[in-house]
Structures are given as structure tokens and as C-alpha cells.
Amino acid sequence: MSVIDTNQIDLAAPRISEAGVADYVALLKPRVMSLVVFTALVGMLLAPGDFHPVLAVTAMLCIAVGGGAAGALNMWYENDIDALMTRTANRPIPRGRVTRPEALTFGMTLSFFSVVTLGVLVNWIAAALLAFTIFFYVVIYTMWLKRSTAQNIVIGGAAGALPPVVAWAAVTGSLAVEPLLLFAIIFFWTPPHFWALALFRNDDYARAGVPMLPVVAGPDHTRLQILLYTIVLVAVAAAPWPLGYFDAVYGIASLALGGWMLVLAIRVYRHRSGSAALRATRNLFKFSILYLFALFSILLIEVVAKAVWQLFA
């Protein structure tokens with residue numbers, strides 16, 4: 001009589017994940033999604049013309065879901081890197097809460113429906129821009145740039161800068177200078193923000209084999225690049241004021257916020273070792289988040305204030 005080896009049966013059986021709603025939400029990278037939604041909202045409210053509230057909500061949901069889908073596909077592809085890094089080891093796939101096929105299906109499904117819904121219900125120019133954003137982040141940045149060049153963040157930052165452009169196009173069906181200015185601000189903000197993170201997570205990236213700038217070129221060169229990009233960022237962020245696109249309130253606030261960020265970048269450049277260096281990089285990283293939210297909040301407040309003024313004028 002033959003004996004059935006139950007161990008072999010168990011090993012051959014497909015693994016069923018224990019994923020819950022929270023795990024799928026985590027795949028969407030909620031913190032990154034919040035930045036996507038916020039910058040897109042500013043781009044939408046700055047756009048001229050009337051936009052039906054239902055279409056506005058639809059467009060924002062599509063942009064949010066598309067951004068989350070890109071995050072899920074990023075986690076699907078980078079599960080090997082995530083498992084090696086302390087910062088990302090608790091993500092759903094490395095923990096075994098979600099399988100790679102499940103994450104891929106989830107990301108692809110959300111990508112498809114977000115783009116198609118935006119195209120059918122709003123307009124196809126915005127949908128094409130959203131599709132390009134997802135493609136750029138997943139294929140160009142995640143699959144190619146991140147593992148091949150120290151300039152991964154610089155070039156790949158274009159994906160994170162596109163949401164306000166998508167939102168503007170959702171309203172107008174076209175492009176203009178204003179959304180491109182918002183794009184430029186986020187684009188030049190990205191390197192100082194992520195390189196500050198990379199400086200105090202250098203060992204993590206080195207262990208995972210990710211060629212971030214501190215790993216490839218060293219911390220000192222990274223500090224110099226942070227300073228240079230911060231100088232460019234301050235200039236780019238202030239430029240819409242003298243160019244006549246945003247008013248003096250924004251201009252003065254951008255100079256004040258940019259001035260403090262520049263001070264923090266100088267401290268990162270000057271302090272190169274010990275606890276002072278770690279504190280400087282952490283402070284810059286934390287403030288850079290506040291900087292972008294504050295800058296875009298000022299634009300948001302101005303738009304709302306003008307709308308209220310016109311309503312009661």
C-alpha cells in the first residue's frame with residue numbers, strides 16, 4: 001500500500017495570503033497618496049473655468065486611486081528591496097500579508113479603472129497624463145532608474161510632480177504655464193527631500209543595493225547636491241511672483257519658507273559627522289515635508305479667499 005506524503009502536498013499548495021483591508025490600504029502608500037491628492041487639489045482649484053462638483057470629485061478620486069495603484073505596483077516590483085531595508089521591511093508583501101500576484105492584480109486593476117474612468121467621465125487628456133504618470137513611476141523609475149543610476153530620484157521625481165498637471169488638465173482639457181510651475185516646484189523639491197532621507201538611511205540603501213547618491217558618490221557630495229538643489233528650489237518657487245502668476249502673499253511666504261529650508265540645507269552641508277550631522281539631515285527631511293504642504297496651502301487659501309470675496313462682492 002502506498003503512503004501519501006502530506007508534507008509534499010502542503011508544500012505544493014498555493015499560498016493563500018492573510019491580507020486584510022489595512023494591508024491593501026498600505027499597498028497604496030497612503031502618506032504619499034496624501035501628497036498626490038493635496039498637490040492635485042491645488043492644481044485643480046487654480047485652473048480657470050467652471051467645473052461641476054461631481055466631475056471634480058470624480059477627477060480627484062481617479063488621481064488618488066491612480067497614485068495609489070502606482071504605489072502598489074512599486075511594492076510588487078520592489079519586494080526584494082523592501083525585505084532588506086529596515087524602513088520598508090514591515091510592508092505587506094515582505095511580511096507575507098499580501099502575495100506578489102495579489103499586489104500586481106490589485107495595482108493593475110486600479111490603474112486601469114482610474115485611467116478609464118477619468119477618460120470617460122472627465123476628459124482623455126487628463127486620463128492620458130494620469131496613465132503616463134503611472135507608467136513613468138512604475139516602469140521608468142521603479143523598474144529602471146532606481147536600480148541603475150544615482151540620479152534615480154532626480155529623473156524619477158517627474159512622476160511625483162505630475163498630479164497638479166493632471167488635475168489642471170481635468171478642468172481645462174489643456175495645459176498652461178501655471179501647472180508647469182507647480183510641476184517645477186515639486187520636481188526641484190524632490191532631490192533635497194529624498195537625499196536627506198537617504199543620508200540617514202544610507203546603510204539601509206547600501207544593504208539593499210540601491211544606488212542612491214550617498215551610496216554611490218558619498219555623503220559629502222550628497223550634501224553639496226542638497227545645497228545646490230535647495231538654492232534652485234527657492235528660486236523656482238519664488239519665480240511665479242515676479243512673473244505675475246501668483247501674488248505677493250505667495251511670493252513673500254515662498255521666500256520665508258525657502259529661506260529657512262536653505263538654512264537647514266546649509267547646516268546639512270556644514271555638519272558632516274556625528275550627532276550634529278544626523279540631527280541636521282533629519283531636520284531638513286522633516287521640514288521639507290512641511291515646506292511643500294505650507295507652500296501649496298498658501299495657494300489653496302488664496303484661491304478660496306478670492307472665491308469667497310467674489311461671492312460677497
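Heads up, the Cβ atoms here are built off N, Cα and C, so glycines get one too.
Residues annotated as transmembrane segment in Swiss-Prot: 32-52, 53-73, 120-140, 153-173, 180-200, 226-246, 248-268, 284-304.
By number of Cβ pairs under 8 Å, the transmembrane segment (226-246) is matched best by 284-304 from the list 32-52, 53-73, 120-140, 284-304.
The list of residues near the transmembrane segment (180-200) in space but at least 6 beyond its ends in sequence, with Cβ under 8 angstroms from a Cβ of it, reads 39, 42-43, 46, 153-154, 157-158, 160-162, 164-165, 212-215, 219, 222-223, 225-226, 229-230, 232-233, 236-237, 239-240, 245, 261, 265, 268, 277-278, 281-282, 284-285, 288-289, 291-292, 295-296. Most Cβ pairs under 8 Å with the transmembrane segment (32-52) belong to 153-173, among the candidate stretches 120-140, 153-173, 248-268.
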